[in-house]
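Copied over from TrEMBL:
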type	residues	note
TRANSMEM	12-32	transmembrane segment
DOMAIN	14-410	domain 'Major facilitator superfamily (MFS) profile'
TRANSMEM	52-71	transmembrane segment
TRANSMEM	83-102	transmembrane segment
TRANSMEM	108-128	transmembrane segment
TRANSMEM	140-163	transmembrane segment
TRANSMEM	169-190	transmembrane segment
TRANSMEM	230-251	transmembrane segment
TRANSMEM	263-283	transmembrane segment
TRANSMEM	295-315	transmembrane segment
TRANSMEM	321-344	transmembrane segment
TRANSMEM	356-378	transmembrane segment
TRANSMEM	384-405	transmembrane segment
Amino acid sequence: MERYSSTPPDGGYGWVVVTSAFFIMGLTAAVHKNFGLFFLEIQNHYSVLTSTTSWMTSTTIAVFHLGAPLASALSMHMSQRTVIMVGGLLAASGMIIASLGLSLPWMYLSVGVLQGLGVSFSWIPANSMVSHYFKRWRPIAYSIASSGECVFAMGFSPFFQWLIDSYSWQGSLLIIGGLQLNLCVCGALMKPLQAAQTSIQGKLVLDSKDESRTSKKGTFQWDLIQRPELLLYIVFAILSAAGFFIPPLFLVPYANSLGMGQYWAASVLSVLALADLLGRLACGWLANLRLVRNLQLLTMVVTALGVVLFLLPIAQTYWTILVFCSFYGFLFGCVVAIHVTSIVDIVGMDGFDSSLGLFMLFRSSGGFVGPPAAGWLVDWTHDFGAAFYLSGVCLVLSGGFVVLVDRLVEKKKCKLPDTCTETTDHPMHKADITDV
């Protein structure tokens, strides 16, 4: 009898997958996080309003999220490796076309559609691979992988500013497009896990338990949206996305409006990225200890993040902005470290891929509306602080929905006291069934 286990290895080649995901996060999310450095350059080049320029970033965010179910479905039918490599080609081509500076509609198409779809095809399968390769160590593995965004963002902030000064914003986008071709290399390293199978008298048959799981994973599970706890978690996603994508876009313009030079303003993003890195690693470690439920921890950090952003406009000097950005970065890192893996607490590992696609799909509405709404407030009030007020309110409201999700999940567990599922992460349960 020959058998290949589909149980997550919790190590081994999984660390190669984590390393590859680390670089994927850096070449996708970190690029987007520092795109605020190009905001004023592009706005001045086309002589348009702040809200008009914001639609470019909003389109990227929307397409990134809208492409998530497609990325999940393609990963199920082909492989994560193939989808990531296609995503690398799309992302790079988007930046290269944008570097031509043809017109604003072309910027919407290149940076918005092509870049957004490329990032989606790279980011979604990378997260899926890390989750499938790890079980007990999933929180810390995901934290390490996602920290690639922070590490690259720290370096990209001064690097992008130097590129703009040396080669203009158009030349900078061309170089960034070349860097993003490395996503294809990262995708090639993503070796799919073998499905569990048993060889009996020369015939290969799937184990009955694994067969049922395989049939579920083979198709996208749209019916998961009917679960009230997932539906409420999607409302959290929409509100939090509206708040997430505003600060990185307006931090540099806000610092510039206070009279800071370009490099001083860019250094704020580097400090933000360092604090973000520490937050991800710290929260991933804390989640792995399972002292509190993931959803409880998420409620605390997302609410605190909203309060910090609401108070950020108080900062009027470089050093006070650094203090607020440090708190903002740390708490943002905490939220990112657990908000995706918490989906497993809600639907289990079997429904994770489909639920992640649905989560990202509906979250797109918040990311699409948030930046333009903040840009409209800035144009109306002539104050960049209005953008941070809107971001803070959205995040505090989102925390309330996480509370409702946690109560529903715990209520379901109480109805099935003798059932051990992967959604269990309470510290009183046995270690072999705990899973984020």
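A Cβ is built for glycine as well, from the same backbone N, Cα and C atoms used for every other residue.
Not measured: the values here are computed from a predicted model.
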At an 8 Å Cβ cut-off, counting only pairs 6 or more apart in sequence, do the transmembrane segment (230-251) and the transmembrane segment (263-283) clear the bar of 3 or more pairs?
yes
For the transmembrane segment (169-190), which recorded stretch in the set 140-163, 295-315, 356-378, 384-405 gives the largest number of Cβ pairs separated by under 8 Å?
140-163
State the non-local partners of the transmembrane segment (384-405) in its own chain: residues 6+ outside its ends, Cβ under 8 Å from one of its Cβ atoms.
229, 232-233, 235-237, 239-240, 242-244, 246-247, 249-250, 253-254, 257, 295, 298-299, 302-303, 305-313, 346, 366, 370, 373-375, 377-378
Mean pLDDT for the domain 'Major facilitator superfamily (MFS) profile' (14-410), as a whole number?
84
Remote residues contacting the transmembrane segment (108-128) - C-beta distance under 8 A, at least 6 residues beyond either end:
20-21, 24-25, 27-29, 32, 55-68, 70-72, 74-75, 80-81, 83-84, 86-95, 97-98, 142, 145, 180, 183, 186-187, 190, 340, 352-353, 356-357, 360
For the transmembrane segment (356-378), distant same-chain residues with Cβ under 8 A (at least six beyond the ends):
49-55, 57-59, 61-66, 68-73, 120, 124, 127-128, 220, 222, 224-225, 230, 233-234, 237-246, 249-250, 340, 343, 384, 386-387, 389-391, 394
Quick test of the contact rule: Cβ under 8 Å, at least six residues beyond the ends. What residues does that give for the transmembrane segment (321-344)?
127, 131, 138-139, 142-143, 146-147, 149-150, 230, 233, 237, 240, 244, 247, 251, 254-255, 258, 268, 271-284, 287, 294-295, 297-298, 301-302, 304-305, 308-309, 311-312, 314-315, 352, 355-356, 359, 422-423, 435-436
Can you name the far-off residues of the same chain, 6+ from the ends of the transmembrane segment (263-283), with a Cβ under 8 Å from a Cβ of it?
30, 33-34, 36-37, 143-144, 146-147, 149-151, 153-154, 157-158, 160-161, 248, 251-252, 255-256, 297, 301, 318, 321-322, 325-338
Below 8 angstroms Cβ to Cβ, which residues of this chain, lying six or more residues outside the transmembrane segment (52-71), approach it?
32, 35, 39, 42-43, 46, 83, 87, 104, 107-108, 111-113, 115-117, 119-121, 123-125, 220, 241, 245, 249, 356-365, 367-372, 374-375
